[in-house]
Each structure stands twice: as C-alpha cells, then as structure tokens.
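See below for the structure under consideration.
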C-alpha cells in the first residue's frame with residue numbers, strides 16, 4: 001500500500017504542474033507589484049529623508065517625535081538629512097525646513113496659514129477651530145485674528161507700558177513671596193505672575209488668584225504639548241487621558257468663572273466707552289452672533305496664557321545670560337541711565353533702547369523658547385525646486401536656522417551678532433507674513449519694560465555653576481527648562497542707584 005502511494009505512475013504529473021504554476025506565478029506577480037509600488041512611492045520624492053520601507057519609516061519617525069519632543073526630533077532629522085528633508089508625522093508627509101529661503105517662501109504665502117496637529121488632541125484642549133493659536137480652520141481663524149491684532153497694538157500697546165511697569169514694581173516689592181528659605185528667587189514663578197497680572201489688567205480686568213492660575217496654566221500647557229501629535233488610538237484609552245483631562249478642565253473651569261464675572265459686569269455697567277477691552281469686544285461679538293460662546297472663552301483663555309507660557313521663559317533665559325555676561329549688564333545699565341534715568345519708563349523710550357533691543361534679539365536667537373513653526377500646505381506648490389503637495393505638513397526649524405546662516409558668531413552669545421542690521425529673512429523669532437505672531441510688537445516692548453524696571457533695581461546672579469548652556473531643557477512644542485531636575489533660582493541683590501555704574 002505504501003509503495004503504491006509513493007509510485008509516481010499513480011499521478012498525472014502534467015496536470016499537477018499546470019495547476020501549481022499559475023498559483024505560483026500569481027504570488028510572484030503580486031509580490032513584484034507590491035515591491036514596485038513601494039519602490040515607486042519612495043522614488044516619487046526627491047526630498048532627502050528616511051526610507052518608507054513598507055510603512056516602517058513613518059512609524060519610526062512618528063515615534064521619534066513622541067519620544068524626543070517636536071523640537072529635538074526636528075534638530076535630529078535636520079542634522080541627519082540636511083536643511084530641507086522629509087519625514088512622516090501621524091502618517092502624513094511632513095517637511096522639516098531650516099533653510100532661510102524656504103522658510104521665507106512658506107511664511108509669506110497665504111496658502112500656508114493653516115497649522116497641523118491631532119484633531120482629537122486639539123478638540124481635547126479646546127483649540128480645534130477655536131481661538132487663534134492652533135485654529136486650523138482658515139475662515140474661523142481670520143474671523144478672530146482682528147480682535148487680537150487690535151488689542152495687541154495701538155492704544156493697548158501704549159497702556160501696556162504703564163500697566164506692566166506697575167505690575168513689576170508691585171511684585172518686586174513682594175519678592176519674598178517667590179523666595180525660598182535662603183532668599184533665592186524663583187524667577188520663573190515671578191515672571192509668570194507678572195505676565196499673567198499684566199495680561200489680565202490689559203485684556204480681561206477681573207481680579208484673580210495669580211498663584212493658582214499660574215499652576216493651572218502650566219498644567220494646561222503640559223497637556224497641550226503632550227497631546228498635539230498623539231495618535232487617535234491614544235484618546236480611546238480613558239485612563240491614559242485622565243491626567244490631561246483634569247489639567248484642561250481645571251484651567252477652563254477657572255477661566256469660565258472669570259469670564260462669567262466679566263459678562264455680569266458688562267451687563268450691569270452704566271457706561272462702557274472708557275473700559276472696552278479685548279474680552280468686552282469678544283463678548284459683544286458673541287451677542288451679535290459673530291462668534292460662539294465657546295470660541296470667545298477660548299480666545300480669552302489663549303490671550304491670558306500666552307505671556308506666562310512663553311515670554312516668562314524668554315525673560316528667565318535672558319536673566320541667566322545677563323548674569324553670565326557682566327559686560328552686557330554694564331552696557332544695559334549704562335543705557336538705562338542715559339535714556340530713562342530715575343523717572344518711569346515711557347513708550348517713547350522704546351526706540352532709544354538699542355542695547356536692550358540687541359540683547360533681547362541675541363537672547364532669542366541664542367536661546368530661543370519658540371524655535372519652530374508648524375504649518376500645512378493648502379495647495380500644491382514648489383519650494384526651492386522641491387514639489388510640495390496639498391496637505392503636506394511643514395515644520396520650520398527657526399532655532400537651527402538662526403545658528404546656520406548670516407550671523408558672524410552663530411554659536412556664541414555676543415551682541416556682535418546684531419551690531420549690524422540683520423535682514424529679516426535671517427532672523428524670525430516671531431515669524432512674519434499672514435500668520436505671524438499677532439503679539440510680536442507688544443512682546444518686544446513688554447520685554448524691554450520688564451528688563452529695564454527689574455535691572456535698575458536689582459543685580460542678578462545665578463547659583464554657582466548654573467548657566468543656560470548647562471541647564472537641562474525640554475525641547476518639544478517649545479523649549480523650556482526642566483523644572484524637575486535643575487536648581488533654577490537666582491540671587492537678586494538690590495542696587496544702589498547712585499553707584500550702579502560702578503559695579
């Protein structure tokens with residue numbers, strides 16, 4: 001029986017081969033077609049970057065962004081593949097650019113006014129098609145931007161000088177509130193409280209608990225940064241989102257109470273002409289049916305968190321740089337004495353504070369806080385010879401560009417880098433074009449007011465061995481010091497105003 005089974009005469013070999021060959025041929029053809037598809041996909045892009053390799057490339061690049069943070073991942077990829085390269089984020093083709101000519105092209109054209117990020121993540125924090133910062137609906141973004149532009153320029157900018165100077169003086173008079181037992185100053189907390197107080201006085205005008213709101217703002221920012229590029233599956237696992245949900249809710253609930261108080265005051269006021277601020281304008285727009293209630297609340301929230309979130313960290317880095325460079329401090333103090341003297345700072349002083357302005361610019365170049373810009377192409381285009389398809393994500397790596405082009409000593413902190421006029425295409429800390437930072441002018445003026453008011457009263461020092469270069473930092477959506485790992489306090493020594501130039 002066994003021999004019969006093994007005997008080939010019992011089988012029609014020809015028929016067996018004819019059945020097997022088509023199946024094998026189909027399998028080979030399918031495999032060949034698949035490999036050609038993958039090969040063709042990779043060949044369609046002449047832009048440098050990691051390999052697609054059966055979809056593994058996009059998975060790895062997205063994981064790298066989640067693991068390293070957006071800013072650190074951008075620096076890694078630009079260093080690896082050049083100043084114009086391609087990766088994938090959330091499965092979407094994403095360009096990372098640190099070349100000035102390409103950045104200039106993206107920023108100046110209106111078909112790059114949209115940003116990108118996880119829709120579910122932005123919905124989670126309330127920014128999806130609301131507010132201004134990450135509102136990716138061009139029509140809705142255009143509807144709210146004029147409110148921000150009006151509030152951050154003209155009379156609002158002039159009022160800010162006095163309000164900000166008064167806030168700094170008030171907080172410096174209560175410096176013990178942000179000092180530890182050794183008398184060291186928690187500069188980040190101090191700056192965040194000053195920025196929040198100034199923003200509130202300018203844009204909302206409702207008394208609030210600074211210390212509590214500052215903590216809630218930090219929690220909200222952490223959630224925003226953590227969720228911006230998370231894959232959709234993350235939001236289906238409730239326990240992963242719970243911590244962020246609480247942080248977002250804490251700030252939104254606190255803001256809701258403040259905004260409701262604002263609405264009440266508006267509805268009961270006999271006269272509003274002399275006190276129409278940013279929040280009032282938005283609430284009137286809501287009453288006219290131009291904006292939704294949720295959008296109004298988000299706009300006010302974003303206006304109040306912007307300065308405590310970024311400008312406070314910028315000034316923190318500046319004070320560390322001043323402490324390390326006494327010759328810069330001397331030049332600043334000399335200019336303050338010449339331009340301002342012993343009187344209060346005024347709006348007409350701003351153009352005369354050239355050393356202070358150069359110092360601010362060099363600080364933002366050397367140690368940026370916002371060192372990237374995220375955009376999305378709304379139509380097909382060509383950038384520096386590379387084809388860019390509609391829907392492509394783009395990250396402009398400003399921090400890297402500021403150390404690659406034009407500046408004579410790009411890797412050093414020195415005011416020589418701004419001794420001559422810098423063409424604006426080579427230095428863009430706030431961006432430019434239709435989606436430039438709406439607060440770029442008021443931010444510069446506010447930083448001048450902070451530095452002048454603080455430095456005329458105090459000489460600043462870091463703790464031994466502390467400096468910006470050695471500080472542990474997190475470079476994600478923005479670049480912040482790691483507050484869990486470093487001693488970030490400073491020593492404030494009161495100046496003798498009559499002898500401040502002798503130091």
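Placed from the backbone N, Cα and C atoms, the Cβ positions cover glycine too.
If you look up Swiss-Prot, you'll see 19-39 (among others) marked as transmembrane segment.
The feature transmembrane segment is assigned by Swiss-Prot to 53-73 (among others), with sequence analysis given as support.
If you look up Swiss-Prot, you'll see 309, 374 marked as substrate binding site. Secondary structure at residue 309 (substrate binding site), taken from DSSP and collapsed to helix, strand or coil, is helix.
Marked as heme binding site by Swiss-Prot: 437. Residue 437 (heme binding site) counts 20 other C-beta atoms within 10 Å of its own C-beta, drawing on all protein chains shown.
Take the CB of residue 309 (substrate binding site) and look out to 10 A: across all protein chains shown you find 25 other CB atoms. Under the three-state DSSP scheme, residue 437 (heme binding site) falls in the coil class.
Remark: residue 374 (substrate binding site) has 70, 115, 116, 117, 393, 394, 395, 396 as non-local neighbours, by Cβ distance under 8 Å and separation of at least 6 in sequence. Cα spacing between residue 437 (heme binding site) and residue 309 (substrate binding site): 14 Å, rounded to the nearest whole number.
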